[in-house]
Amino acid sequence: MSKKRIVVGMSGGVDSSVTAWLLKQQGYDVVGLFMKNWEDDDDSEYCSTRQDWIDVVSVADLIGVDVEAVNFAAEYKDRVFADFLREYSAGRTPNPDVLCNAEIKFKAFLDHAMALGADTIATGHYARVREVDGRFELLKAFDHTKDQSYFLHRLNQAQLSRTLFPLGEMPKTKVREIAAEIGLPNAKKKDSTGICFIGERPFRDFLNRYLPTKPGPIKTPDGKTIGEHIGLAFYTLGQRKGIGIGGSRDGTGDAWYVARKDMAANTLYVVQGHDHPWLLAHTVHADDLSWVAGHAPAEGTHLGAKTRYRQADAPCTVARAAGGALTLTFSEAQWAVTPGQSAVLYDGEVCLGGGIISAAEPAVVEKAIA
């Protein structure tokens with residue numbers, strides 16, 4: 001009987017490298033597949049694709065697996081980056097990693113892997129898959145500090161049924177130990193933190209290459225103009241640094257935070273103080289929903305939710321989950337809930353899915369003075 005073939009997404013990082021080694025040790029027929037999904041500035045100092053490929057080849061040679069590269073740059077631009085720009089243009093703050101996982105890593109990549117004769121695929125994500133009575137659940141990783149289920153919440157049954165997450169049961173420290181013990185050339189390589197496949201770079205400069213500046217007033221809730229913004233697309237709710245209005249103006253010493261965007265008036269509203277009422281919301285609305293099990297949780301269900309990555313699950317109640325819309329009411333006010341980000345629901349360790357935040361209702365309704 002031939003060995004089960006697993007195609008591993010190898011990025012050149014430690015996690016995917018250890019993933020490939022673990023599966024090789026378990027006796028699988030492992031094939032590494034390196035994705036190139038960005039090529040607008042291959043010669044830029046911020047583009048690490050060339051070095052990443054070198055690392056992949058070096059690791060593959062060391063652990064004894066075949067590896068090849070595939071170019072999904074066109075798919076990435078069409079399915080992920082175009083949406084990224086549309087969202088920013090509309091004043092929202094998207095999370096491209098969520099869409100990249102659903103459309104590229106677990107769709108385009110999965111399809112390509114199946115064409116290579118794969119039985120299943122594997123990646124270095126920190127999450128777990130559990131089969132229960134023929135259905136597949138997405139679970140948080142054992143190492144909650146590295147859990148990536150938030151970014152994977154749009155995966156469906158077909159995708160999860162063909163996916164392995166070998167690192168889901170171990171802490172990141174153990175992964176680093178394994179990398180050092182087996183002599184991986186990238187054992188000390190730092191984790192990537194930039195935009196999915198685009199890398200680490202000055203974000204405002206990068207965005208300005210694709211979206212024009214459109215200056216407008218920066219106002220306080222009482223209507224006072226205190227500065228000028230360069231374009232609403234370049235700011236996100238809860239932002240404290242880089243607003244360009246200096247320090248305290250009321251003697252309190254409290255920092256300024258971006259609180260609202262009025263797209264029609266091209267006005268950016270800022271408030272002072274981390275806990276200003278404009279930054280707090282008890283009700284969150286989301287659309288563009290995706291559920292791991294294929295159906296939404298029942299209305300009235302008490303669950304946990306994240307409205308941003310690395311946030312602790314916040315107790316909430318599903319007030320509505322019908323007609324393509326989701327409304328969550330939280331027990332405690334949530335801070336700087338940002339349209340464009342994902343609201344992801346959890347039942348304990350199980351990630352149920354979620355949607356894209358469309359709006360948040362402030363804990364205290366205060367109308368801005370124009």
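We count from 1, first residue shown onward.
Each Cβ is built from the backbone N, Cα and C atoms, and glycine gets one as well.
When secondary structure is read from DSSP and collapsed to three states, Asp15 (ATP binding site) falls in the helix class. If you look up Swiss-Prot, you'll see Gly9, Met10, Ser11, Gly12, Gly13, Val14, Asp15, Ser16, Met35, Gly124 marked as ATP binding site, on the strength of sequence analysis.
Taken from Swiss-Prot, the feature active site, nucleophile applies to Cys100. Within 10 Å of the C-beta of Cys100 (active site, nucleophile) there are 25 other C-beta atoms, taking all protein chains into account.
The disulfide bond annotation in Swiss-Prot covers Cys100-Cys196.
The DSSP secondary structure for His125 (site 'Interaction with tRNA') is coil. As annotated by Swiss-Prot, site 'Interaction with tRNA' applies to His125 (among others), with the evidence given as sequence analysis.
Per Swiss-Prot, active site, cysteine persulfide intermediate is recorded for Cys196, and the stated evidence type is sequence analysis.
Annotation comment: Swiss-Prot describes Gln341 (among others) as site 'Interaction with tRNA'. Cβ contacts within 10 Å of Gln341 (site 'Interaction with tRNA'), excluding its own Cβ and spanning all protein chains shown: 24. When secondary structure is read from DSSP and collapsed to three states, Gln341 (site 'Interaction with tRNA') falls in the strand class.
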By a simple count, how many Cβ atoms lie within 10 Å of the Cβ of His125 (site 'Interaction with tRNA'), its own Cβ left out?
26
Among Gly9, Met10, Ser11, Gly12, Gly13, Val14, Asp15, Ser16, Met35, Gly124, the annotated ATP contacts, find the widest CA pair distance and round it to a whole Å.
16
Nearest of the recorded positions to His125 (site 'Interaction with tRNA') by CA-CA distance, picking from Ser11, Gly13, Asp15, Cys100, Gln341?
Asp15
Alpha-carbon distance [Cys100 (active site, nucleophile); Met35 (ATP binding site)] in Å
12
Assigned element (helix, strand, coil) containing Met35 (ATP binding site), judged by DSSP
strand
